[in-house]
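Asker: When I checked TrEMBL for this same protein, it listed these features:
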type    : residues                           : note
DOMAIN  : 20-234                             : domain 'Cytidylate kinase'
BINDING : 24, 25, 26, 27, 28, 29, 30, 31, 32 : ATP binding site
Ligand SMILES: Nc1ncnc2c1ncn2[C@@H]1O[C@H](COP(=O)(O)OP(=O)(O)O)[C@@H](O)[C@H]1O
Ligand SMILES: Nc1ccn([C@@H]2O[C@H](COP(=O)(O)OP(=O)(O)O)[C@@H](O)[C@H]2O)c(=O)n1
């Protein structure tokens with residue numbers, strides 16, 4: 001029986017299966033770009049941040065003190081986190097329950113960096129990510145923070161997205177409905193703090209792989225970023 005973790009997009013493959021790793025800080029466009037690239041090329045898509053958010057939601061929902069790494073580590077293998085990888089309709093469940101809404105709450109966002117810094121959490125989730133990537137029949141676009149450096153160091157295409165803190169805060173504020181100057185400033189501050197925590201943790205920090213192509217999306221439209229990455233993937237497919 002096919003599980004949600006194995007469900008592949010229906011679109012036909014148009015070339016050899018390639019693995020694409022897209023990393024970068026918050027609000028650089030990883031999720032929207034990755035989904036669109038995968039949909040256009042008939043590939044699977046995996047949002048690894050959603051997996052860390054799902055782990056965090058389970059921890060807070062089960063009364064675990066997320067500021068205590070040993071408490072988080074002890075329970076890291078408990079939740080069953082399953083990702084559906086169709087870019088047109090990605091899903092995430094925890095112990096069979098739909099987690100797609102609850103993982104986006106401010107509470108989860110505020111706690112996710114602490115949970116994702118725990119090595120045992122990373123070990124469990126990295127294992128899930130590698131098995132999902134290995135079983136994607138038409139290749140996969142995997143987006144996160146450490147995909148090109150740690151999870152899939154042999155990826156065929158590695159991209160590192162960047163953008164100014166101002167642009168990223170404006171994008172996030174748009175999503176959250178923050179319109180006042182103070183709300184945008186608070187969003188920017190929270191985003192900078194989360195990036196700092198993600199970049200300075202010991203276990204597999206947010207980092208650009210030495211062989212990744214960096215794309216600064218500050219002054220590019222979403223469509224332009226998608227086109228650039230599609231071109232890089234098609235080039236790689238043609239050479240395979
Ligand atoms: N190049 C871009 N220009 C303008 N807005 C963008 C661009 N890329 C993404 N966005 C928007 O910014 C927001 C955050 O993008 P998202 O893909 O969630 O970023 P990330 O996954 O890196 O956190 C979304 O509302 C998205 O539509
Ligand atoms: N490969 C990854 C992906 C996400 N994460 C963690 O998960 C959090 C949420 O990731 P996300 O991609 O949903 O974040 P945003 O889309 O809100 O920027 C990050 O802030 C990291 O703490 C990680 O540690 N490693």
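Glycine is treated like the rest: Cβ placed from N, Cα and C.
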Asker: As a check: which entries in 24, 28, 32, the binding-site residues, place their Cβ less than 6 Å from an atom of ligand 2?
Answerer: none
Asker: Counting other Cβ atoms within 10 Å, pick out the least crowded of the binding-site residues 26, 28, 32.
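Answerer: Lowest Cβ count within 10 Å among the binding-site residues (26, 28, 32) is 32.
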Asker: So around the ATP site, 24, 25, 26, 27, 28, 29, 30, 31, 32 aside, which residues have their CB within 8 A of the centroid of those CB atoms?
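Answerer: These residues sit around the ATP site: 33, 143, 161, 163, 168, 217.
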Asker: On the 0 to 100 scale, where does the mean pLDDT of the domain 'Cytidylate kinase' (20-234) fall?
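Answerer: Reported value for the domain 'Cytidylate kinase' (20-234) is a mean pLDDT of 96.
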Asker: Compile a sequence-ordered list of residues in the same chain as residue 24 (ATP binding site), six or more apart from it, whose Cβ lies below 8 A from its Cβ; state 'none' when nothing qualifies.
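Answerer: Non-local contacts for residue 24 (ATP binding site): 30, 145, 159, 160, 161, 162, 206.
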Asker: Could you check what DSSP calls residue 30 (ATP binding site) once collapsed to helix, strand or coil?
Answerer: helix
